[in-house]
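The substrate binding site annotation in Swiss-Prot covers 28, 29, 30, 31, 32, 78, 154, 209, 339, and the record cites sequence analysis as its basis. Annotation comment: Swiss-Prot describes 78 as site 'Transition state stabilizer', evidence class sequence analysis.
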């Protein structure tokens, strides 16, 4: 059904296998910084018009790959499709971000929640299959979802938040309601990601965008535990091929030792984390060792080309000597930003970044000889 994969560098790095260069892709690589994305979005009429139309979703997913020699594609969708399928009424006002028509703020609203019928998300799975076919084996396709906690933040707040007052009030005042919501979210996310795998996703990523706003104990109880609940239900392989699982908690650097215990292959890091320390903590050989993904500050892309190249080299050098032994697994890095790319990024800066990652990571391997 799908063409054989020509560039498996990303998947190999996820599995801590040696590669001839460090693979690179970018969070939000299909997005508003690209003029061709804006043109397609204008045709679609709205963000959800874009995300729910298979042809448009396929078109925008492939746009960055037409421009740049990236090593992976990521499904064009939104982390909030699952609560939308629960009936919360997702919409996107231009320039305002996501909003739910019916937020979940009391016991009655929580009691109404249930794992949605995955047929309501058929448009996502159709897009996955369409994109995988359109890729023609060029690079792997990553599927994704928001984490149970991050979904809960939006579901309770009704939109993005500066202080997370409403969701944290529920967490502290009615932890029973929060646990109930998170359990439903976790089971829904697991079903959703497994359906993406069935449809053709070759890796899946959980975005815990708001895990970092929690106090230490609350992070472990309300975020990490439910991310683990998702992972425990995910398919390890599909048709005999391993499906790597990636977890990214923005602001989660202080919890790497706890996150090392997660049943996943890759941990994403934001730009505040020292890669060498992260590698020593979770990336070296031993039980539960993880591949690491990250972690350039997205704002580096507003600098001049020479500075971008220098910062890329600094991130690669910080990770340390690349793993080159083809006979065994070892510490690997997937290059990415430490958060999503800014919509104001000059597109030519991304070209500089991708080429710099490939060139410098190859030269590091040559030096090791």
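Note: Cβ is positioned from N, Cα and C throughout, glycine not excepted.
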Residues 28, 29, 30, 31, 32, 78, 154, 209, 339 [recorded substrate binders]: greatest CA to CA distance in Å: 23
Distance, residue 28 (substrate binding site) to residue 78 (site 'Transition state stabilizer') (CA atoms, angstrom): 10
Secondary structure at residue 32 (substrate binding site), reduced by DSSP to three states: coil
Fewest other C-beta atoms within 10 angstroms, as judged across 28, 32, 339, which are the binding-site residues: 32
Cβ neighbour count within 10 Å of residue 30 (substrate binding site): 25
Among 78, 154, the most crowded of the recorded positions [Cβ within 10 Å]: 154
